[in-house]
Structure formats: C-alpha cells, structure tokens
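These features come from TrEMBL:
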type    : residues                              : note
DOMAIN  : 1-201                                 : domain 'Flavodoxin-like fold'
BINDING : S9, S15, N16, S17, M95, Y96, N97, F98 : FMN binding site
Amino acid sequence: MKLFHVDASAKREWSNSRALSRHFIDLLKQQRPDVEVDYLDVSVDTPAHVDELFTIATYTPEADRTPAMKQALQASDALCARLLAADAYVFAMPMYNFSMPSSFKAFIDNIVRTNLTYKIGEDGSYVGQLADKVLFITTRGADLRPGTPFSAMDALTPALRAAFGFMGVAAPTFVDAQPLTFSAAEEREAALVRAKAELAAVAGEWAATR
Ligand SMILES: Cc1cc2nc3c(=O)[nH]c(=O)nc-3n(C[C@H](O)[C@H](O)[C@H](O)COP(=O)(O)O)c2cc1C
C-alpha cells in the first residue's frame with residue numbers, strides 16, 4: 001500500500017494532529033508491513049500560492065502552454081504525480097479559524113488540476129482521479145461536534161469534503177479530535193482517547209483491504 005501522508009500543523013513536537021497521524025501510521029504498519037509512506041509537511045514545504053501565471057497556465061491546454069507556463073505549473077505537476085502514485089492518503093491538520101491551515105489550502109490549490117487529478121468526460125461530467133481511501137485527522141481546540149453550540153461554525157469538514165469529492169473521493173473518513181484546548185483536562189483526555197479508538201478501527205479496516 002502506497003500512502004501519501006501530509007501534516008499541516010504549524011506546531012512541531014507539541015502538535016496533537018502530528019502525534020495522531022504518526023500513531024495511525026504506526027498502527028497500520030504493525031498490521032501491514034508493506035505500507036510505503038510518501039511524506040509531506042506543508043507547514044515547512046508550503047506549496048506556492050496561486051499567482052496570475054498559474055491561473056492562466058492551468059486552464060491552457062497542455063499542448064499550447066509556453067515554457068513559462070510549464071515552469072509555473074512544475075511544482076503542482078510534481079505534487080499531482082505524488083498523489084496519483086498513492087493508493088491511500090492521510091491528511092492531518094488543526095482547525096485554524098474554523099477552517100484549514102492556509103498551508104493546506106495552498107496544497108489543495110496546487111492539486112486540483114484538469115487532466116491530472118480530475119478529468120472531464122465527453123458528456124461534460126467531472127471524473128475525479130484520486131484513490132477513494134482518505135483519512136482526515138483534524139484537531140480542534142473547541143468542541144464542534146453535531147449538537148454542540150459551535151457545530152454550525154465548522155467550515156473545515158465541508159471544505160475538505162468538497163475539494164476531495166471533486167477529485168473523486170466520495171467517502172472520506174474523518175477522525176476529529178475535539179475539544180483539545182478550550183475545555184477541562186478530562187474532556188481533552190477523553191477526546192484523545194476517542195480519537196485513538198477511532199484511528200485503531202480505521203487502521204484495522206485499511207489493513208484488511210488491498
Ligand atoms: C491560529 C489558530 C487558530 C485556531 N482556530 C481554532 C478554531 O477556529 N476553532 C477551534 O476549535 N480551535 C482553533 N484553534 C485551536 C487548535 O485547532 C487546536 O489547539 C488544535 O489541537 C491544534 O492542533 P495541533 O496540536 O496539531 O497544532 C486554533 C489554533 C490556532 C493556533
């Protein structure tokens with residue numbers, strides 16, 4: 001199994017999302033020694049923001065691109081190739097201001113590419129090209145679970161679902177650890193215990209598949 005693993009927390013050794021993604025991959029590797037990991041830390045290797053040349057180049061048919069356009073798309077092409085070479089994905093990130101870290105948004109802006117991560121069928125339909133095995137691990141300071149007063153402010157889950165749904169990921173798995181900051185210590189502990197139990201279940205499911 002080729003796994004593409006992306007971390008996005010600005011925090012390093014104190015990061016909960018990093019610790020949880022490492023924990024998941026350890027659990028998976030214990031059951032599947034064939035797991036190969038391609039790792040990207042977007043808080044360090046942050047993909048470039050979309051600039052004007054990129055916007056023109058990305059919608060110019062490949063055969064018509066100038067050398068400058070090709071150059072503008074080079075890093076994005078390479079990221080898409082890494083994604084398309086994988087058959088499973090783990091994306092770990094904290095919630096920042098109700099949505100994703102801007103480094104992960106820059107990553108998304110680099111990987112949603114016509115004729116690479118999605119294709120357009122003859123009938124005009126969009127056909128996503130990513131493998132449908134995606135785990136999002138998110139960490140949140142507050143508790144935004146359904147039924148809580150803050151649940152309507154969760155702009156992270158729908159944004160991830162939309163972007164990856166467009167690239168063919170119909171049923172991603174979410175493990176959301178919350179509340180991890182703005183709560184009593186027992187609630188934080190319980191949130192981590194819940195997240196680890198959910199990760200163990202996902203690792204077991206993934207280990208049992210091809
Ligand atoms: C800049 C910033 C913005 C944040 N915004 C939110 C937020 O909107 N909602 C929330 O629940 N927690 C928010 N938090 C808290 C983090 O999501 C939380 O501490 C999380 O566990 C951090 O994950 P990490 O340890 O992997 O960095 C924010 C933290 C930072 C640093």
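Including glycine, each Cβ sits where the backbone N, Cα and C put it.
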Taking the Cβ of N97 (FMN binding site) as the centre, count every other Cβ atom within 10 Å, in any protein chain shown.
10
Can you check what DSSP calls N97 (FMN binding site), collapsed to helix, strand or coil?
coil
What does DSSP assign S17 (FMN binding site), in three states?
helix
In the structure shown, which of the binding-site residues S9, S15, N16, S17 has the fewest other Cβ atoms within 10 Å?
S15
List the residues of the same chain that sit at least 6 positions away from Y96 (FMN binding site) in sequence and have their Cβ under 8 Å from its Cβ, in sequence order, or write 'none'.
S102
Pairwise C-alpha maximum, in angstrom, for the residues (S9, S15, N16, S17, M95, Y96, N97, F98) that bind FMN according to the record:
18
Tally every other Cβ atom lying within 10 Å of the Cβ atom of F98 (FMN binding site).
15
Applying a 10 Å Cβ distance cut-off over all chains shown, what neighbour count does M95 (FMN binding site) have?
23
